[in-house]
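Here the structure is laid out as structure tokens; the discussion comes afterwards.
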Amino acid sequence: MSALSLLPARRSVPGVFVALTLTLTIGWLVVLLDGGQLFNQSTTVSLLHVAAGLGLVAVGQTLVILGGSLDLSVAYVISLSTLVAAETMNGSDGAVLPAIGLVLVVSAGVGLLNGLLVTRFRVNAFIATLGVGLLLKGYLDNGYDGPAGTTAPSLVQALGYQRVGPVPVSFLLLIAVTAAAWFALSRTRFGHHLVAVGGDPEVARLSGVRNDRVLVTAHVLCSMCAGLAGIYLASRLGSGAPRVGTEGLYDLESIAAVVIGGTALAGGRGGVIGTVGGVLLLASIDAIFNQLEVDAFFKQVIRGVIIIAAVAVYARRAMRKAA
Amino acid sequence: MSDPPPTPLLTLRGIGKSFLGVRVLDGVDLDVAPGEVHAVVGENGAGKSTLMKIVSGGYAPDGGTVEFAGATRTFRGPRDAQRAGIGIIHQEFNLLPERTVAENVYLGHEPVRRGLVDRRGMLDRTTRLLASIGETTLPADARVGQLGVAQQQVVEIAKALALDARLLIMDEPTAALADHEVELLYGLVRRLQERGIGLLYVSHRLAEVFDLSGRITVLKDGRRVTTVDTADTTADQLVRHMVGRELSSYYPDRAAPEDRGPVRLNLRDAGNRKLRDVNLQLRAGEVLGIGGLQGSGRSALARAIFGVSPFTTGDVTLDDRPVRLRSPRTAMRAGIAYVTEDRKGEGIVPRQSVLDNALLASRAVFAARSGRAARTARVRELLAAVEIRGAGDDQEIRFLSGGNQQKVVLARWLALNPRILLFDEPTRGIDVGAKSAIHDLVRRLARDGAAVLMISSDLPELLGMSDRIVVMRDGHVAGELPAGATEEEVVALAVGAVREPVQ
């Protein structure tokens, strides 16, 4: 049959890894010509640190976007989480576990709120999560002018700076979270249902999927990922920082990483592996430009061009598939 | 599975349904035995879809009973009916193109082992399921979006069978299939029959109804006309059952021969994805009716002429000059207007005022040409001329009745002084009074020298208004009929019950 011969055996490597390899090769050459070295210990480590923070958020963001939703509140959840973590620990190593637990509970609560607004109250995800984010912003702006609390030294040591070779522990945490998310998407009913809800809510509903429950779960997981990112940042900074999430542009950058990683913004197609590729790509560009000491504004321009180019490439590919 | 009971699988008694006071089904009886293919035929709007939705749990009936597998059932929704064993294959597939065959088939009830989705088991079970209906070449791990339409249909059927469906509803299953794929479907239907599955087969195409079904139920205007054994009937008899309504309403006089002007629009072998080899001439001063079933290419024709999805092959001439109508904008500049079928979705901007809606086209296309004040004044005149009742020009259009909304849409196009008007179901969902007002307007436009092409599913309207009727089937012209043709002739051409006249 004619349609069968068109079938590839397996899905190919996401295009983002091709782009990543290209970027690193070109970056390495350019930095070399400039008289520097891209892959020395300190740049590699800092690249992976940047990737770890953004990656934790982006993996969570992937889940909600796959389900056809979106989370704009992650940046504020991160800021809040750094404060909850640092203030609960208050410099005491004994309070690390309770602090982590509390952060996860608080962030899960925010995710639950997001999820319920999107499903029960049918508020558009963009508006609902933006509103929740502003709510958190109000609380943070009102209560904090600057850093507060102290992260326990043991956590700073372990999560903030500990390395295995050139790989920071935080990046290993990202790998673990990514693996868990990948496993959930491919091997659990929740994962299958989430992708179905994002692909076509009506088809999912008619097939017996409880759309609302699936989407709320995704939002809770997304916020918890942002909470983890907050814990990591608190251990990096040594204290809680009320504006670290927004200053790091974690909301928009996480969405950008997801999209660069090949997940459809409308949901239903993509995965966390691609997202990690997108995160690494953004972090690499950062590292290369830092090495070249490129003007910060120009750096932003380049990032913008890359994001647009990535989406355009995917759109073209989708169009060709449809034709 | 146990032996099928000797009693009917499905029995419908006295099913009735109304929407907003309009009776769409009235006292319909029907039964399906295990292993039987029961065809349901009727014109557009005869109530077939509504009846199928009631059986599959999409709607609750206002009256009557649904008995399935020996028990009276009230389905709370499609899922409820699915669980009970009633599957429906829609014209539009309910599949996720990005997921694999197995993931689609078992969506919502994935097999699990130790709490995790058993992917291996899911693939195996899907492969076995596909093999049981004779499909051995379709890999269970193929992405559905990469499959052809016929194979997607197989996936849909497998999905229904994975839920142990004992009754399958097929709604126009061949509408999207190519000729050689129809043969495959025939084989599939027979295998389902052998398994003791009852089939409700809805189709416009009489040929396949005769090939497949054991019995045929004819619906007309929401009532069951008759149920016949397929072996004892002919296509002619069926067509007669499907139509045969009295032509009662009044229509304006047709064009006199001297009113018919020169050929304005000429299509030669024109085609695109949905149309092939369309040859058509539209003359000034005439109303050319376009008949045919839904999906036969009627709207595709209008949309191609208006440049929405343009012709990709063939030649188009306008007043004897070749033209390429590649966008609505070029079509409008060439003097073509299009009153769409979907008034709410494509015709009006619901939250804008009557005046803004009427000005939409002239503002968009001829912004620089004429002065604003003059344009507004002209549109106000037109709005008065089409006699919109009970509404100011500044009222939001969504508060108007369907008939008045349609008149505003008409005024919008008249503001462009179009020389060719395309009407797609101009009176659908419009009350009787406004209907005849629109009929008069259409005729007046033709008399003033415009060339009018009018698509209509309403046969009395099509016959009453048209100076000539072209009937479409499967994306091409099935035949042309003169004024004074009968409903039977139109339907026979539309469903392919007669041989096409040689052109």
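Using N, Cα and C of the backbone, Cβ positions are placed for all residues, glycine too.
The transmembrane segment annotation in TrEMBL covers A:12-33, A:45-66, A:95-116, A:123-140, A:167-185, A:214-235, A:255-285, A:297-315.
In terms of C-beta pairs under 8 Å, the stretch of A:12-33, A:45-66, A:95-116, A:167-185, A:214-235 lying closest in packing to the transmembrane segment (A:123-140) is A:95-116. Only sequence-distant pairs (6 or more apart) were considered; of these, at least three Cβ pairs between the transmembrane segment (A:167-185) and the transmembrane segment (A:255-285) are under 8 A, so the stretches are in contact. Beyond the transmembrane segment (A:255-285), the same-chain residues lying 6 or more positions past its ends with a Cβ under 8 Å from any Cβ of the stretch are 14-17, 19-20, 23-24, 27, 47-48, 50-51, 54-55, 58-59, 61-63, 65-70, 174, 178, 181-182, 185, 195-200, 299, 302-303, 306-307, 310-311, 314, 318. Here the transmembrane segment (A:214-235) has Cβ contacts under 8 Å with residues 52-54, 56-57, 59-61, 63-64, 66-69, 71, 73-74, 77-86, 99-100, 103-104, 106-112, 114-116, 118-119, 149, 151, 155-156, 158-160, 170, 173, 177, 181, 190, 193-194, 197, 204, 241, 244-245, 248, 250 of the same chain, all six or more residues outside its ends.
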